[in-house]
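Trainee: Before anything else, here's the structure in question.
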Ligand SMILES: COc1nc2nc(N)nc(N)c2nc1C
(Lines of atoms letter the chains of each structure in order from A and count residues from 1; the text may use other names and numbers.)
(Lines give C-alpha, C1' and ligand atoms only; values in the text may rest on other atoms or scores of the structure.)
Protein backbone atom coordinates (compact mmCIF):
# COMPACT_ATOMS: atom_id res chain seq x y z
CA UNK A 1 0.00 0.00 0.00
CA UNK A 2 2.68 2.51 1.06
CA UNK A 3 4.53 1.76 -2.15
CA UNK A 4 1.47 2.35 -4.32
CA UNK A 5 0.63 5.58 -2.43
CA UNK A 6 4.21 6.80 -2.90
CA UNK A 7 4.10 5.87 -6.60
CA UNK A 8 0.75 7.66 -7.10
CA UNK A 9 2.10 10.80 -5.36
CA UNK A 10 5.14 10.75 -7.63
CA UNK A 11 3.12 10.24 -10.82
CA UNK A 12 0.43 12.81 -9.97
CA UNK A 13 3.11 15.33 -9.00
CA UNK A 14 4.93 14.80 -12.32
CA UNK A 15 1.75 14.94 -14.40
CA UNK A 16 0.42 17.93 -12.43
CA UNK A 17 3.70 19.82 -12.87
CA UNK A 18 3.70 19.20 -16.64
CA UNK A 19 0.06 20.27 -16.96
CA UNK A 20 -0.21 23.21 -14.52
CA UNK A 21 3.31 24.61 -14.44
CA UNK A 22 4.77 23.83 -17.87
CA UNK A 23 1.39 23.93 -19.63
CA UNK A 24 2.55 20.79 -21.50
CA UNK A 25 0.28 17.84 -20.53
CA UNK A 26 1.97 14.41 -20.67
CA UNK A 27 -1.15 12.29 -20.03
CA UNK A 28 -4.85 12.64 -20.81
CA UNK A 29 -7.01 14.29 -18.13
CA UNK A 30 -8.89 11.01 -17.74
CA UNK A 31 -5.65 9.20 -16.77
CA UNK A 32 -4.82 11.93 -14.23
CA UNK A 33 -8.34 11.81 -12.75
CA UNK A 34 -8.32 8.01 -12.52
CA UNK A 35 -4.98 8.00 -10.64
CA UNK A 36 -6.18 10.83 -8.40
CA UNK A 37 -9.34 8.88 -7.46
CA UNK A 38 -7.25 5.80 -6.74
CA UNK A 39 -5.05 7.88 -4.41
CA UNK A 40 -8.10 9.45 -2.71
CA UNK A 41 -9.50 5.96 -2.01
CA UNK A 42 -6.16 4.65 -0.68
CA UNK A 43 -5.71 7.74 1.53
CA UNK A 44 -9.25 7.44 2.91
CA UNK A 45 -8.52 3.81 3.88
CA UNK A 46 -5.03 4.69 5.22
CA UNK A 47 -5.10 8.28 6.58
CA UNK A 48 -1.76 7.77 8.35
CA UNK A 49 -0.10 7.32 4.95
CA UNK A 50 -1.22 10.68 3.50
CA UNK A 51 1.74 12.71 2.17
CA UNK A 52 1.57 16.38 3.33
CA UNK A 53 2.15 17.52 -0.27
CA UNK A 54 -0.24 14.97 -1.80
CA UNK A 55 -2.39 16.61 -4.51
CA UNK A 56 -5.42 15.62 -2.44
CA UNK A 57 -4.27 18.05 0.29
CA UNK A 58 -4.74 21.10 -1.90
CA UNK A 59 -8.37 21.63 -0.95
CA UNK A 60 -8.64 22.06 2.83
CA UNK A 61 -11.87 21.27 4.63
CA UNK A 62 -12.43 24.25 6.89
CA UNK A 63 -14.43 27.36 6.03
CA UNK A 64 -12.83 30.34 7.82
CA UNK A 65 -14.61 33.31 9.42
CA UNK A 66 -12.17 35.78 7.90
CA UNK A 67 -8.54 36.22 6.92
CA UNK A 68 -5.64 36.96 9.27
CA UNK A 69 -3.55 40.03 8.50
CA UNK A 70 0.12 39.42 7.78
CA UNK A 71 2.95 41.94 7.48
CA UNK A 72 5.20 41.29 4.49
CA UNK A 73 8.88 40.72 5.38
CA UNK A 74 9.67 42.97 2.40
CA UNK A 75 7.09 45.54 1.27
CA UNK A 76 5.33 44.63 -1.97
CA UNK A 77 5.99 47.70 -4.11
CA UNK A 78 3.94 49.10 -6.94
CA UNK A 79 5.25 50.08 -10.35
CA UNK A 80 5.22 53.57 -11.81
CA UNK A 81 3.34 53.74 -15.10
CA UNK A 82 4.13 54.78 -18.66
CA UNK A 83 1.29 55.48 -21.06
CA UNK A 84 3.08 56.46 -24.26
CA UNK A 85 6.38 56.65 -26.09
CA UNK A 86 7.39 59.93 -24.43
CA UNK A 87 7.00 58.34 -20.98
CA UNK A 88 9.19 55.43 -22.08
CA UNK A 89 11.85 57.75 -23.54
CA UNK A 90 11.86 59.73 -20.28
CA UNK A 91 12.27 56.53 -18.23
CA UNK A 92 15.12 55.41 -20.49
CA UNK A 93 16.80 58.84 -20.26
CA UNK A 94 16.74 58.74 -16.45
CA UNK A 95 18.12 55.20 -16.40
CA UNK A 96 21.02 56.12 -18.72
CA UNK A 97 21.66 59.29 -16.73
CA UNK A 98 22.08 57.17 -13.60
CA UNK A 99 23.92 54.06 -14.84
CA UNK A 100 25.25 54.86 -18.31
CA UNK A 101 24.62 52.83 -21.48
CA UNK A 102 25.94 49.38 -20.57
CA UNK A 103 22.87 47.56 -19.33
CA UNK A 104 19.93 45.57 -20.66
CA UNK A 105 16.21 45.59 -19.96
CA UNK A 106 14.02 42.55 -19.39
CA UNK A 107 10.47 42.96 -20.73
CA UNK A 108 7.61 40.87 -19.32
CA UNK A 109 3.87 40.66 -19.81
CA UNK A 110 1.91 42.38 -17.03
CA UNK A 111 -0.73 39.81 -16.11
CA UNK A 112 -4.11 41.35 -15.21
CA UNK A 113 -4.70 39.55 -11.92
CA UNK A 114 -3.83 40.19 -8.30
CA UNK A 115 -0.42 40.28 -6.68
CA UNK A 116 0.38 37.50 -4.22
CA UNK A 117 3.30 36.59 -1.99
CA UNK A 118 4.28 32.95 -1.33
CA UNK A 119 6.57 31.85 1.49
CA UNK A 120 8.49 28.58 1.51
CA UNK A 121 10.48 27.18 4.44
CA UNK A 122 12.91 24.35 3.65
CA UNK A 123 11.13 23.95 0.34
CA UNK A 124 7.60 23.64 1.78
CA UNK A 125 4.82 26.16 1.00
CA UNK A 126 3.96 27.62 4.42
CA UNK A 127 2.15 30.90 3.80
CA UNK A 128 0.44 32.79 1.01
CA UNK A 129 -0.87 36.35 1.17
CA UNK A 130 -2.43 39.10 -0.91
CA UNK A 131 -0.48 42.33 -1.50
CA UNK A 132 -2.97 44.32 0.59
CA UNK A 133 -1.61 47.86 0.96
CA UNK A 134 1.91 46.68 0.15
CA UNK A 135 2.92 46.37 3.81
CA UNK A 136 0.06 44.31 5.31
CA UNK A 137 -1.85 41.72 3.31
CA UNK A 138 -4.42 39.00 4.01
CA UNK A 139 -3.29 35.46 4.75
CA UNK A 140 -4.98 33.25 2.11
CA UNK A 141 -2.75 30.15 2.22
CA UNK A 142 -5.67 27.69 2.06
CA UNK A 143 -7.09 29.31 -1.06
CA UNK A 144 -3.70 29.58 -2.76
CA UNK A 145 -3.06 25.86 -2.11
CA UNK A 146 -5.98 25.13 -4.45
CA UNK A 147 -4.01 26.70 -7.34
CA UNK A 148 -2.27 23.70 -8.94
CA UNK A 149 0.39 25.93 -10.53
CA UNK A 150 1.61 26.81 -7.02
CA UNK A 151 4.05 24.07 -5.90
CA UNK A 152 3.41 22.68 -2.40
CA UNK A 153 7.06 21.61 -2.26
CA UNK A 154 10.03 23.00 -4.20
CA UNK A 155 12.70 20.94 -5.96
CA UNK A 156 15.23 22.28 -3.42
CA UNK A 157 14.60 22.48 0.35
CA UNK A 158 15.27 26.24 0.44
CA UNK A 159 13.67 29.08 2.34
CA UNK A 160 12.46 31.77 -0.03
CA UNK A 161 9.61 34.24 -0.54
CA UNK A 162 8.36 34.81 -4.08
CA UNK A 163 5.90 37.26 -5.62
CA UNK A 164 3.63 36.76 -8.56
CA UNK A 165 0.24 37.38 -10.06
CA UNK A 166 -2.73 35.08 -9.46
CA UNK A 167 -5.09 35.18 -12.41
CA UNK A 168 -8.12 33.52 -13.98
CA UNK A 169 -7.52 32.25 -17.54
CA UNK A 170 -9.97 33.65 -20.10
CA UNK A 171 -11.55 30.19 -20.64
CA UNK A 172 -12.20 29.72 -16.90
CA UNK A 173 -13.69 33.22 -16.78
CA UNK A 174 -16.09 32.56 -19.65
CA UNK A 175 -17.14 29.19 -18.15
CA UNK A 176 -17.68 30.76 -14.70
CA UNK A 177 -19.82 33.60 -16.04
CA UNK A 178 -21.86 31.18 -18.15
CA UNK A 179 -22.62 29.16 -15.00
CA UNK A 180 -23.49 32.32 -13.09
CA UNK A 181 -25.80 33.44 -15.90
CA UNK A 182 -27.56 30.04 -15.76
CA UNK A 183 -27.96 30.42 -11.98
CA UNK A 184 -29.24 33.98 -12.33
CA UNK A 185 -26.21 35.25 -10.40
CA UNK A 186 -24.44 38.56 -11.00
CA UNK A 187 -21.63 38.21 -13.56
CA UNK A 188 -17.99 39.15 -12.93
CA UNK A 189 -16.92 42.20 -14.93
CA UNK A 190 -13.51 40.81 -15.88
CA UNK A 191 -11.05 37.99 -15.01
CA UNK A 192 -9.17 40.17 -12.50
CA UNK A 193 -12.31 40.78 -10.43
CA UNK A 194 -13.22 37.10 -10.73
CA UNK A 195 -9.74 36.05 -9.53
CA UNK A 196 -9.85 38.53 -6.62
CA UNK A 197 -13.36 37.38 -5.69
CA UNK A 198 -12.26 33.74 -5.84
CA UNK A 199 -9.27 34.26 -3.53
CA UNK A 200 -11.47 36.16 -1.04
CA UNK A 201 -13.76 33.13 -0.70
CA UNK A 202 -13.93 31.89 2.89
CA UNK A 203 -14.50 28.33 1.65
CA UNK A 204 -11.42 26.86 -0.11
CA UNK A 205 -13.71 24.48 -2.05
CA UNK A 206 -15.17 27.45 -3.90
CA UNK A 207 -11.70 28.88 -4.60
CA UNK A 208 -10.67 25.44 -5.90
CA UNK A 209 -13.62 25.38 -8.32
CA UNK A 210 -12.48 28.64 -9.97
CA UNK A 211 -9.42 27.09 -11.72
CA UNK A 212 -7.03 29.98 -11.09
CA UNK A 213 -3.39 29.99 -12.09
CA UNK A 214 -0.31 32.11 -11.42
CA UNK A 215 2.95 33.40 -12.86
CA UNK A 216 5.82 34.12 -10.47
CA UNK A 217 7.89 37.20 -11.35
CA UNK A 218 10.12 38.17 -8.43
CA UNK A 219 11.44 37.22 -5.05
CA UNK A 220 11.08 39.15 -1.81
CA UNK A 221 14.43 40.45 -0.63
CA UNK A 222 17.87 40.14 -2.18
CA UNK A 223 18.60 37.84 -5.09
CA UNK A 224 22.30 37.95 -4.29
CA UNK A 225 21.86 35.60 -1.31
CA UNK A 226 20.99 32.87 -3.85
CA UNK A 227 24.10 33.72 -5.84
CA UNK A 228 22.01 35.31 -8.58
CA UNK A 229 22.94 38.76 -9.91
CA UNK A 230 20.23 39.54 -12.45
CA UNK A 231 16.50 39.36 -12.92
CA UNK A 232 16.46 37.17 -16.07
CA UNK A 233 18.72 34.69 -14.30
CA UNK A 234 16.40 34.80 -11.26
CA UNK A 235 13.40 33.86 -13.37
CA UNK A 236 15.31 30.83 -14.74
CA UNK A 237 16.27 29.89 -11.17
CA UNK A 238 12.63 30.14 -10.02
CA UNK A 239 11.60 27.86 -12.93
CA UNK A 240 14.26 25.33 -11.88
CA UNK A 241 12.75 25.38 -8.37
CA UNK A 242 9.37 24.40 -9.84
CA UNK A 243 7.63 27.78 -10.11
CA UNK A 244 5.61 28.77 -13.20
CA UNK A 245 7.03 31.88 -14.83
CA UNK A 246 5.74 33.51 -17.96
CA UNK A 247 7.82 32.49 -20.98
CA UNK A 248 6.84 35.54 -23.08
CA UNK A 249 9.75 37.55 -21.69
CA UNK A 250 12.53 39.17 -23.70
CA UNK A 251 15.85 40.87 -23.06
CA UNK A 252 16.07 44.28 -24.79
CA UNK A 253 19.17 46.45 -25.21
CA UNK A 254 17.43 49.66 -26.24
CA UNK A 255 14.12 51.38 -25.58
CA UNK A 256 13.40 50.99 -29.32
CA UNK A 257 13.53 47.21 -28.86
CA UNK A 258 11.24 47.62 -25.84
CA UNK A 259 8.77 49.54 -27.99
CA UNK A 260 8.88 46.81 -30.64
CA UNK A 261 8.06 44.26 -27.92
CA UNK A 262 5.16 46.47 -26.78
CA UNK A 263 3.96 46.80 -30.38
CA UNK A 264 4.05 43.02 -30.81
CA UNK A 265 1.92 42.37 -27.73
CA UNK A 266 -0.44 45.24 -28.42
CA UNK A 267 -1.41 43.30 -31.53
CA UNK A 268 -1.13 39.77 -30.16
CA UNK A 269 -2.62 40.01 -26.67
CA UNK A 270 -6.08 38.83 -27.86
CA UNK A 271 -4.48 35.46 -28.67
CA UNK A 272 -3.15 34.95 -25.11
CA UNK A 273 -4.96 32.50 -22.80
CA UNK A 274 -5.04 35.20 -20.08
CA UNK A 275 -5.55 38.96 -19.90
CA UNK A 276 -2.64 41.35 -19.67
CA UNK A 277 -2.94 45.07 -18.91
CA UNK A 278 0.56 46.11 -19.90
CA UNK A 279 4.23 45.33 -20.27
CA UNK A 280 6.72 45.53 -17.39
CA UNK A 281 10.21 46.79 -18.23
CA UNK A 282 13.06 46.17 -15.75
CA UNK A 283 16.77 46.87 -15.70
CA UNK A 284 18.19 43.35 -15.50
CA UNK A 285 21.28 43.38 -13.28
CA UNK A 286 20.76 43.69 -9.53
CA UNK A 287 23.86 45.88 -9.03
CA UNK A 288 22.36 48.39 -11.49
CA UNK A 289 18.93 48.13 -9.86
CA UNK A 290 20.63 49.03 -6.57
CA UNK A 291 22.31 52.04 -8.20
CA UNK A 292 18.92 53.30 -9.40
CA UNK A 293 17.14 52.53 -6.13
CA UNK A 294 13.54 53.30 -5.23
CA UNK A 295 11.14 56.19 -4.77
CA UNK A 296 8.85 56.03 -1.71
CA UNK A 297 6.60 53.49 -3.38
CA UNK A 298 8.19 52.05 -6.49
CA UNK A 299 11.51 51.01 -8.05
CA UNK A 300 13.32 53.52 -10.29
CA UNK A 301 14.69 50.56 -12.28
CA UNK A 302 11.30 49.36 -13.54
CA UNK A 303 8.22 50.81 -15.21
CA UNK A 304 4.89 49.39 -16.32
CA UNK A 305 3.72 50.43 -19.78
CA UNK A 306 -0.10 50.31 -19.61
CA UNK A 307 -2.17 49.50 -22.70
CA UNK A 308 -4.79 52.11 -23.50
CA UNK A 309 -7.96 51.09 -21.57
C1 LIG B 1 9.53 44.27 -9.50
O2 LIG B 1 8.18 44.55 -9.12
C3 LIG B 1 7.18 44.09 -9.91
N4 LIG B 1 7.42 43.31 -10.98
C5 LIG B 1 6.39 42.87 -11.75
N6 LIG B 1 6.61 42.07 -12.83
C7 LIG B 1 5.58 41.64 -13.57
N8 LIG B 1 5.83 40.84 -14.64
N9 LIG B 1 4.29 41.97 -13.30
C10 LIG B 1 4.02 42.77 -12.25
N11 LIG B 1 2.74 43.08 -11.98
C12 LIG B 1 5.05 43.25 -11.41
N13 LIG B 1 4.81 44.05 -10.34
C14 LIG B 1 5.85 44.47 -9.59
C15 LIG B 1 5.59 45.35 -8.38
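By Swiss-Prot numbering, chain A shows 4-312, in order.
Heads up, the Cβ atoms here are built off N, Cα and C, so glycines get one too.
What Swiss-Prot lists as NAD(+) binding site is 32, 33, 34, 35, 36, 81, 82, 111, 134, 168, 285, 309. Taken from Swiss-Prot, the feature active site, N6-AMP-lysine intermediate covers 113, and the record attributes it to sequence analysis.
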Trainee: Three-state secondary structure of residue 134 (NAD(+) binding site) from DSSP?
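Mentor: Note: residue 134 (NAD(+) binding site) is coil by DSSP, not helix or strand.
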Trainee: Which three-state DSSP class does residue 34 (NAD(+) binding site) fall into?
Mentor: helix
Trainee: Out of 34, 82, which of these binding-site residues shows the lowest number of other CB atoms within 10 Å of its CB?
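Mentor: It is 34 that, of the binding-site residues 34, 82, has the fewest other Cβ atoms within 10 Å.
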Trainee: Of 34, 36, 82, 113, 134, the recorded positions listed, which put a C-beta under 6 Å from ligand 1? Please answer none if none do.
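Mentor: With ligand 1 as the reference and 6 Å as the Cβ limit, the list reads 82, 113.
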Trainee: Between the residue listed as 'active site, N6-AMP-lysine intermediate' and residue 82 (NAD(+) binding site), find the distance joining the two CA atoms and give it rounded to the nearest Å.
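Mentor: If we compare the Cα positions of the residue listed as 'active site, N6-AMP-lysine intermediate' and residue 82 (NAD(+) binding site), the gap is 11 Å.
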Trainee: Would you count the other C-beta atoms found within 10 angstroms of the C-beta of residue 113 (active site, N6-AMP-lysine intermediate) for me?
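Mentor: Its Cβ shell of radius 10 Å holds 22 other Cβ atoms.
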Trainee: In this structure, which of the binding-site residues 134, 285 has the fewest other Cβ atoms within 10 Å of its Cβ?
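Mentor: Selected from the binding-site residues 134, 285 on minimum Cβ neighbours within 10 Å: 134.
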Trainee: Specify the count of other C-beta atoms within 10 Å of the C-beta of residue 36 (NAD(+) binding site).
Mentor: 10
Trainee: Could you tell me which three-state DSSP class residue 285 (NAD(+) binding site) falls into?
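Mentor: For residue 285 (NAD(+) binding site) - judged by DSSP and reduced to three states - the answer is strand.
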